[in-house]
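K.L.:
I am attaching a structure below and will ask some questions about it afterwards.
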Amino acid sequence: MSQSKDLQGGKAFGLLKAQQEERLDGINKHFLDDPKYSSDEDLQSKLEAFKTKYMEFDLNGNGDIDIMSLKRMLEKLGVPKTHLELKKLIREVSSGSEETFSYSDFLRMMLGKRSAILRMILMYEEKNKEHQKPTGPPAKKAISELP
């Protein structure tokens, strides 16, 4: 088996993610230098947050999020969509292919006017993190607190 096809975990996966992060940082720099987005407040931190989310769902590191990665992301957020809805969403976002969208497409959507869908996705994910189950024994309740 060739080394380039061996994507097992560990060192090879770490190198793949490091290369992916370098590519995405280059795209972020392009967006930071673009005068169209210079008026956005706190653009640097937004781009870092978007990069982290994109890397989380681009598991194979090829630079594109496909329909199954998008499906997994929405299911994780508790907003499952049908295959046709996912295709429509990708078609709206993508500048080229109908089956995938790139990091540049993702950023244009997030920073542009048509960002409501993905902002909603990120908002649900943040709310999901806030409601973590408490650890330890449950708190004692008085009789008046019982239903």
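Including glycine, each Cβ sits where the backbone N, Cα and C put it.
What Swiss-Prot records for D58, N60, N62, D64 is Ca(2+) 1 binding site, and it gives a curator's inference as the kind of evidence. According to Swiss-Prot, the Ca(2+) 2 binding site annotation covers E98, T100, D105. Taken from Swiss-Prot, the feature domain 'EF-hand 1' covers 45-80. Residues or ranges marked as domain 'EF-hand 2' by Swiss-Prot: 81-115. Residues or ranges marked as N-acetylserine in Swiss-Prot (evidence: similarity to another entry): S2. Residues or ranges marked as N6-acetyllysine in Swiss-Prot: K11. Sequence annotations record features per position, and here Swiss-Prot assigns phosphoserine to S39. The annotation region 'Disordered' is assigned in Swiss-Prot to 127-147.
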K.L.:
What is the separation, in Å, between the Cα atoms of K11 (N6-acetyllysine) and N62 (Ca(2+) 1 binding site)?
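P.N.:
The separation of the Cα atoms works out to 17 Å.
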K.L.:
Let's see if you can do this one: DSSP helix, strand and coil counts over the domain 'EF-hand 2' (81-115), in that order.
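P.N.:
Per-class counts: 20 helix, 3 strand, 12 coil.
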K.L.:
Taking 8 Å from the centroid of the Cβ atoms of D58, N60, N62, D64 as the cut-off, which other residues in that chain fall inside it around the Ca(2+) 1 site?
P.N.:
L59, G61, G63, I65, D66, S69, T100
K.L.:
By DSSP, how many residues in the domain 'EF-hand 1' (45-80) are helix, how many strand, and how many coil?
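P.N.:
Across the domain 'EF-hand 1' (45-80), DSSP assigns the residues as follows: 23 helix, 3 strand, 10 coil.
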K.L.:
Summarise the model confidence on the domain 'EF-hand 2' (81-115) as a single mean pLDDT, whole number.
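P.N.:
Looking only at the domain 'EF-hand 2' (81-115), pLDDT averages out to 76.
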K.L.:
For each of S39, N60, N62, T100, count the other CB atoms within 10 A of its CB; which of these recorded positions has the top count?
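P.N.:
Output for this query is T100.
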K.L.:
I'd like to know which of these binding-site residues, D64, E98, is least surrounded, judged by other CB atoms within 10 A.
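P.N.:
Per-residue Cβ counts within 10 Å for the binding-site residues D64, E98 bottom out at E98.
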K.L.:
CA-CA, which of the binding-site residues N60, N62, D64, E98, D105 lies nearest S39 (phosphoserine)?
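P.N.:
With Cα distances computed to S39 (phosphoserine), the winner among N60, N62, D64, E98, D105 is D105.
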K.L.:
For S39 (phosphoserine), what is the secondary structure by DSSP, using just helix, strand and coil?
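P.N.:
Looking at the DSSP assignment, S39 (phosphoserine) belongs to neither helix nor strand, so coil.
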K.L.:
Over all shown protein chains, what is the count of other CB atoms within 10 A of the CB belonging to D105 (Ca(2+) 2 binding site)?
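P.N.:
So the Cβ neighbour count for D105 (Ca(2+) 2 binding site) comes to 19.
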K.L.:
Of the binding-site residues listed here (E98, T100, D105), which is spatially closest to N60 (Ca(2+) 1 binding site) when Cα positions are compared?
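P.N.:
Ranked by Cα distance from N60 (Ca(2+) 1 binding site), first place goes to T100.
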K.L.:
Around the C-beta of D58 (Ca(2+) 1 binding site), how many further C-beta atoms are within 10 angstroms, looking at every protein chain?
P.N.:
21
